[in-house]
Amino acid sequence: MWRFAAGLYLVYLAGGELQLAAVFGFTAGGAIMLFGGIIGNWVDINSRLKVVRVSLFIQNFSVMLCAVSVYLTLVYQERFAMLFGGLLPRISEGVIIVFAVVAQLSSVAYKIAIEKDWIVVVAAGDKAKLANLNAITRTIDQMCKGVAPVVTGLVMTVTSLRTAAIFIALWNFFSVFVEYGLLAQVYRLVPQLAVKLDASDNEGDQTVEMTPTNEEDLGAETNPTDESTSPLRGDRAEGKKKEKKSVLTVLFDPFIVLYTGWRTYARQRVVFAGLALSMLYMTVLGFDSITTGYIYANGLSELMVGLAMSLGGLTGALGSYAFTWFRRRIGLEWTGLLAFNLEITCLTLCVVSIWTPGSLFQPSSLFQPHQTVQNCSLGANNTSTSDYFVSSQWCGDRAVSISIVLFLVGIVTSRVGLWMADLVVTQLLQETVRERERGIVSGVQHSLNMLMDVLKFTLVIILPYIETFGYLIILSFIFICLASISFAVYAHSVLHEAKVEGWEANVDSHGADMDGQGANLDGHGTSVGDLSGDNT
């Protein structure tokens, strides 16, 4: 819900341009890129229930504070503009972005915990069950992403942006308790979630530890003096004392974790598959705040954009089901190759759209002075905002063009391949990364994803205008093609290795058969000799 509304509010506060949305994306992506490995390490060293509890509450309450800040900015916008020489609106925008970035960081921890750890534990080593859980989880996610924009867009269109901000704040306040209650119930139903391998175990043994938080969650009473009597707790207590002795280690621990995290990630077998996934983030061909601004400039209302996002959610859910079907029949590697190529095929329509009638793309505008483009659809049905926007060359009763239709069709249909590819790489990471490294590898993967996201927003900051958006579409398509190549490199190595192993197995089997036949012949010759001796 906030994902859809954030883009709209930021575009509105920026006067219909994309700069503020790009600044938010750049800041959030940079923060996740820097702290992704640290967040993953925090997930590794804390109990599972504590991780989801802390991350979920921080995420929801940060979104709530964002919505309240937006509401206050909208209500007192004129007063803010007259205070401190017009600086206060910039400060309020900065506060909104800070709260939104905190929500993004906590969302990373929550996703790592649920998608990369909890699901793996619940599957209990069953790859088919793991694939089904991944697909079901992603389907639920896509359905929510489909319904939420319609509801939010409807509230904005029927009431006002202010009312929608209050609605979002209240929703996040009450929903957090429901979400946590459901997760706590799952935690109680699956006892294995209370047992976590020691993240500091570098040898991969099966020694497990119950952290104090685990025991508290399970209702057990803990005694602080028990650490001295338990060999396992004694070792950990001694380790903690050693850490406290080293001030430099404590001071530079975040940077050490980040460095070791990248090294751990680079030695994974699926590194090229992970790189392919990260390249998918260098795109404006999705329903983020940047693309939302572009769609608005083409004359679509909040409700229409919400409906388009809902269709994208439905096709994403279809991709989740398609993933399970293809995985059972052709395996993960071939499914991934199919997914990436399917996405490229669909996104070709987006590239074509910038050259079709109704396109706002003006290639020559890159080298000419910019003409201000204001958004026409924001506030069209909202008396509290309609006076904010001025007329421009794109405004007026603009009919829906062939260009924007092709653009939306390309994005909506590409979600099938996108989520198939995402699920393929997700399961590859789940199956191949050891539990003690799962959190930090996932954190670094998030950092890579955000590196590409930051690159995208940097390009948007450089080219923030609607007339130059076509260049961003072309660059996005190129990165999707590079992602397909990267995954093909990984898939080729795995499939080639499997083929070689098959050949070696056939050769060994053939050699064993020949040895068996030779032994039979030797035995037969001995029998004949014995018979000859008897005859003589």
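Using N, Cα and C of the backbone, Cβ positions are placed for all residues, glycine too.
Going by TrEMBL, these are the annotated features:
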type     : residues : note
COMPBIAS : 222-231  : compositional bias 'Polar residues'
REGION   : 204-240  : region 'Disordered'
REGION   : 516-536  : region 'Disordered'
TRANSMEM : 20-42    : transmembrane segment
TRANSMEM : 54-74    : transmembrane segment
TRANSMEM : 80-102   : transmembrane segment
TRANSMEM : 270-297  : transmembrane segment
TRANSMEM : 303-326  : transmembrane segment
TRANSMEM : 338-356  : transmembrane segment
TRANSMEM : 399-425  : transmembrane segment
TRANSMEM : 472-491  : transmembrane segment
- Residue numbers, six or more beyond the limits of the transmembrane segment (270-297), whose CB comes under 8 Å of its CB atoms: 3-4, 6-8, 10-11, 16-18, 21-22, 24-25, 149, 305, 308-309, 312, 336, 340, 347, 350, 360, 373, 375-378, 394, 404, 407-408, 410-411, 414, 418, 421-422, 424-425, 428-429, 432-433, 445, 448-453, 455-457, 460, 466, 469, 472-473, 475-477, 479-480, 482-484, 486-487, 489-491, 493
- Query: Taking contact to mean three or more C-beta pairs under 8 angstroms, with sequence separation of 6 or more, is the transmembrane segment (472-491) in contact with the transmembrane segment (54-74)?
  - Reply: no
- Note on the structure: Ranking 20-42, 80-102, 338-356, 399-425 by Cβ pairs under 8 Å to the transmembrane segment (54-74) puts first 80-102
